[in-house]
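Chemist: Take this structure first; my questions come after.
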Amino acid sequence: MEIIPAIDIKDGRCVRLYQGDFAQMTVYADDPVAVARRWQAQGATRIHVVDLDGARTGRPQNVDAVLAITQTVQIPVQLGGGLRREEDVAAALALGVERVIIGTAAIVETELVARLLERFGERIIIGIDARNGMVATDGWTVTSTIAATDLAGQMAALGARRFIYTDISRDGALSGPNFTALAELVKPDGPAIIASGGIANLDHIRQLAQIGVEGVIIGKALYTGAIYLPEAIAIAQTATG
């Protein structure tokens with residue numbers, strides 16, 4: 001099981017939001033590149049980057065910061081936020097990003113997602129961001145009438161092989177992941193599931209390993225010091241052999 005540190009970027013700075021609320025934002029660093037270097041130095045094998053401005057506007061905004069990260073670290077970077085057009089996805093991959101996360105487009109443009117999966121294969125991750133079990137879009141500002149489990153089924157039918165599941169009410173709240181929802185999504189021989197939102201301590205990591213998720217994205221707990229990355233990595237490796 002892989003531990004993936006998160007770097008959320010707004011206006012070029014590394015920040016964290018509480019439950020996706022832009023009005024409840026904490027700035028942790030002015031230089032996201034320095035943060036990426038720190039996580040790499042502490043043993044990260046992958047970094048999860050979110051362009052928050054892009055998520056809200058629908059087009060990538062922090063391109064320079066993303067490029068600087070991919071050019072600086074020697075580990076893979078996955079990127080989400082505002083990637084709702086084929087040309088933007090292609091451009092992100094051209095920046096050196098290994099995988100991109102498609103969220104809003106999975107709801108509103110199924111044909112686009114089908115094309116992206118056909119063109120880029122496993123470099124496409126479907127982001128399922130849920131509020132009370134229903135998928136949220138547009139930087140989490142709109143809650144749809146589509147259940148997270150239904151979207152997962154639809155995307156798997158199109159060929160998606162990897163999902164990131166985020167429970168919005170837990171994101172940035174350090175209240176624990178939604179173990180029940182994650183357990184519903186993890187299936188033998190099914191798409192890989194990466195857990196995100198609410199991870200606050202090492203016991204959460206042990207429980208996620210038991211559920212069988214492929215990876216765990218950790219944000220706020222790393223920035224507050226609640227979790228020390230090398231410890232989290234060691235526990236993930238021990239728990240999953």
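Glycine too: its Cβ is placed from the backbone N, Cα and C atoms.
Swiss-Prot lists Asp8 with the feature active site, proton acceptor, giving sequence analysis as the kind of evidence. Positions annotated as active site, proton donor by Swiss-Prot: Asp129.
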Chemist: Round to the nearest Å and give the CA-to-CA distance linking the residue listed as 'active site, proton acceptor' with Asp129 (active site, proton donor).
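Modeler: Counting only the Cα atoms, the answer is 15 Å.
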Chemist: Between the active-site residues Asp8, Asp129, whose Cβ has more other Cβ atoms within 10 Å than any of the rest?
Modeler: Asp129
